[in-house]
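S.K.: Just passing along the structure, written as structure tokens.
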Amino acid sequence: MTISDKIRIYELSRDLNLENKDILDAAQKLSISVKSHSSSISVEEAKKIKNLINKKNSDKQILSINKPSNKKDNYKQNKEDKSPVISSVKGKPLKDNSNKKQLLNKPLNKPESLKVIPNQLKNPNKPNIYNSSQSQANLTNQNTKSKPSEHFNKDKKTFRNNTIPPIKTPAKPPIQLIAKPKNINNNLKSNESSKNIPNSGDKRELSLKPDQNRNKPKPKNSNNRRNTPELVGAPIRRDDPNKQNNKQNITFKQTVSNRPGTPNRPGTPNRPGMPNRPGLRNKPTDQGRPGSFNRQANPNRAGAPNRPGMPNRPGLRNKPTDQGRPGSFNRQANPNRAGAPNRPGMPNRPGSRFNSQKSTGIRKPVSPNELLQLQKTNKSEKDTLAKTNNQKQNIESPKQKAKAPASRPNAVPSSKKPPHRPFSNSSKKPGRKDWDDSAKLEALRNKNPQKQRQKVHIIGENDDSLTSETSGYSGEKISILSASLARPKKEKSEESKSHKSTKQFKKKKKETTRQRQKRRAMELKAAKEAKQVRPEMIIVPEDNLTVQELADKLSLESSEIIKSLFFKGITATVTQSLDLATIETVAEEFGVPVLQDDIQEAAEKTVDMIESDDFDSLIKRPPVITVMGHVDHGKTSLLDSIRESRVASGEAGGITQHIGAYQVEFKHESKKKKLTFLDTPGHEAFTAMRARGTKVTDVAVLVVAADDGCRPQTLEAISHARAAKVPIVVAINKIDKEGASPERVKQELSEKDLIAEDWGGDTVMVPVSAIKKQNIDKLLEMILLVSEVEDLQANPDRSAKGTVIEAHLDKAKGPVATLLVQNGTLKSGDVLAAGSVLGKIRAMVDEHGNRIKEAGPSFPVEALGFSEVPTAGDEFEVYPDEKTARAIVGDRATDARATKLAQQMASRRVTLSSLSTQANDGELKELNLILKADVQGSVEAILGSLEQLPKNEVQVRVLLSAPGEITETDIDLAAASGSVIIGFNTSLASGAKRAADANDVDIREYEVIYKLLEDIQLAMEGLLEPDLVEESLGKAEVRATFAVGKGAIAGCYIQTGKLQRNCSLRVIRSDKVIFEGNLDSLKRSKDDVKEVNTGFECGVGCDKFSSWTEGDIIEAFKFVTKKRTLTQ
């Protein structure tokens, strides 16, 4: 003690012979503020702690379970000891707030004290397991006139007793609540094998109703081993030594649910309503056990509860029902007792008999999840309980469906497998509802086999001692059990089937790392094998591909593409985008031609012009022939030869950069046949125009020069014709020229799967000369033969459908479109929709300029009357009224605007390389253009060529591109945006020139596409910053030095070139540059001069260098600017 009458925690623990943590725990429970073992408390607080610890020690003595002794006077019930009744509570069942599951690792050698708390339910830890042989003698001397009571020992907490009258109606039985201490392990420290329970005044008796207490028996205490609940190691069986006719006394651990939805906990004492224990045959049941209600087993007692889910325990035959068990309420087992509560979820134990009624068999322990499901079904399926009970009786037959009792968690594994308990069929008790849910439990388990968890057997540390105390309880006498009790073999096979069914629900094992690596290696190997075959042609979408995409299209590894680019001086990664020129260069290296995706789509025929209604009125129509080939191979000359011989003289045949549509007549087999020819440009910029020509054609004439062979546009034309699925007729031109080799052309075409007929193929090849007009008639005959095979037909009696071949804006006529009628007849005044353009035919002229009123199938005409210039390649169709056509045009215009916006955004596309350039130079340079051309095809050709220009450092941005003349509106747009106006084969509107001069707008006009593209490239290069290049001026040798003031002058002799004042110089000594700077002073004979030429002497001075030495070499140079190019 200290001076201030304070006590330290460690002093108090030393006085009480306890540890510091026990004192700290007690202080915490008493709300005494202490921090550590060195904290001080007052004397009053120390007394409180002592009282609490003494109370705990007394509780521990009460809680310790003694081994029952053979004395008869161990327990004497005091008649005056009356305990309040814990009865069922009206209303909803109380919930258990305790979520902890407790497990006893040590045997309980003393009876447990149960703490009774109203409105709260404590789950038991472990059911009591009795030795039936030791307890049978104790059940014979009970006084039947004594009051029934159940003895509860004190817990470490005080008891609160709440007596509530029982419920009269047993329809929904409420729950009897018996709480137990939270931590029994903390209270069990003694392992004594035989102690008597003190018969003190601290004992509490829990009785039933007062009127029943007077008539119920009081247990005797002489030699009653049933008075002490005892835990044994395992649910094993042994013979009863006092009854020779009983060959199986089986202890059984039954899991009992206290309330709906609450999991059962092991280690609880027997409570009111607990089933009679197995193995007590021929025992009188009129003797109550300590701490239990003694109820007589009168099945006709009014109002007795039938507890659902509690199967009767086996082996309780011929047992009087006036005796209870120790540790439980001794009550009369009268099922018809009025007002007795019926507790849901409490199954009757199997094997017990009421009025010689058979039990329903042993059931497996119920898991909490299964119990919840059972209670839900009990609430929702009251009308099917009888049917469920019948199923249960059928399932649990004694011969086929025997079930083994579940092992207790702390069970010690025995050396021999105990035989299994037989089942006996039982009928429903009279006057009681069938609350048994065994069938439902079996159905749930069969329905959800994957939810069955393997039971874990936990071996307690004192299980060995418990087994030894039972004197060989588990081992030696099992062999004398009847062999009929063993589980049938059929059940084992069914169990194995059920195990197999549960395995089917298991998920597949995850793929291991080794398996995944092996699978990936096989996939890579298969991909490499697939990539060994090179494609004939690759299609490039939107003019760009990444390196990885290009490698996939070429069936190569990406490393091969990167290596190829590296040798060309281009550093690229697999995700970097490549422009069309680079793609073509790489593809050409691997021998694969390149075709743009939009061009491929443009060549495909999208609309079938003949409908099902036209089949009755079809007639033959003239074929449409498209002349295709490489530039300068003689396409236009060939067509001119055909037209000059078939068309009236004097017709102008200006075939330049447009599609020319012409119709000629040819006499074949004494009949005049009409042929419609479309001439397409051969320049590479007009790919889209060639594709449109192929789209509407019936026969493709491929012109190949005999002296030049197959060229890139030749291969492109072949791909277009194949995309359109039209037959190809090859005209080998220029056979009259020196060096012509038609056989070489046939060889090259055969490599492209175009094999001549004389070589065994099916491709018609005609050698012709357009200049000398050789074999022209033969070519036309072959075209007619091929077209007849195609069986070309159309219906002239319907409204017209066709394709826009070309369109342009005429200064006098307005929008003009060249239309090719493919089905029906086009008439003046028809309302048509061409793409997103509405038109009403005001006039039509043929290729000769003659006005016509109607045009039949395969007839090309120029039509006037469109609201704006239609897009070349769009299909047109005539509609009955303007309202219908306008509605269709409105929908198409919305889509056209979205497409145009996407194209404008694409024109400003910035690649990875251009972004790096922008980061280095500080700003991305742009060249703004406004493009106006004569026809739509020229606009498309120019835009396609601009896309192929290098855009790494300068981005070309086309603000406006349209056919027609240059207007003042275009000038205003150019002035606002700083753009250059490009005009191709067009003119300026009135006032446009004056507006351009006023706003200082640059207008460039061109007639040839080569010059236009060249000037645009020069303009882009002009935006680049020039490079500084070093230019050498001359050399001089230092022959003398002169000291002037603080510096020095070098006397030099000019060897080559000249020296200029303020130029840059480099001083070299012993082949090493020792100084580089500016030439500040240059003198000759003491006079300052601007330059000194070869062979003269001069004096050279530098402000920053004065250590001249004879023999030094001075190199003079200057920096000049050099224009950069886009290719660098």
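Glycine residues also receive a Cβ, built from the backbone N, Cα and C atoms like all the rest.
Predicted, not measured: the structure shown is a model, and the values here were computed from it.
Straight from Swiss-Prot, here's the annotation block:
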BINDING   629-636, 679-683, 733-736  GTP binding site
COMPBIAS  70-83  compositional bias 'Basic and acidic residues'
COMPBIAS  100-110  compositional bias 'Low complexity'
COMPBIAS  120-146  compositional bias 'Polar residues'
COMPBIAS  147-158  compositional bias 'Basic and acidic residues'
COMPBIAS  182-196  compositional bias 'Low complexity'
COMPBIAS  201-214  compositional bias 'Basic and acidic residues'
COMPBIAS  243-267  compositional bias 'Polar residues'
COMPBIAS  386-397  compositional bias 'Polar residues'
COMPBIAS  432-445  compositional bias 'Basic and acidic residues'
COMPBIAS  499-519  compositional bias 'Basic residues'
DOMAIN    620-792  domain 'tr-type G'
REGION    57-519  region 'Disordered'
REGION    629-636  region 'G1'
REGION    654-658  region 'G2'
REGION    679-682  region 'G3'
REGION    733-736  region 'G4'
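Each of the listed features needs to be described in terms of its position in the shown structure.
M.R.: Of all Cβ atoms in the protein chains displayed, 14 besides its own lie within 10 Å of the Cβ of Asp632 (GTP binding site).
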S.K.: Going by DSSP, how much of the region 'G1' (629-636) is helix, how much is strand and how much is coil, in residues?
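M.R.: Grouping H, G, I as helix and E, B as strand yields 2 helix, 1 strand, 5 coil.
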S.K.: Mind giving me a neighbour count for Ile735 (GTP binding site)? Other Cβ atoms within 10 Å of its Cβ, every protein chain shown.
M.R.: 20
S.K.: Using DSSP and three states only, what is Ile735 (GTP binding site)?
M.R.: coil
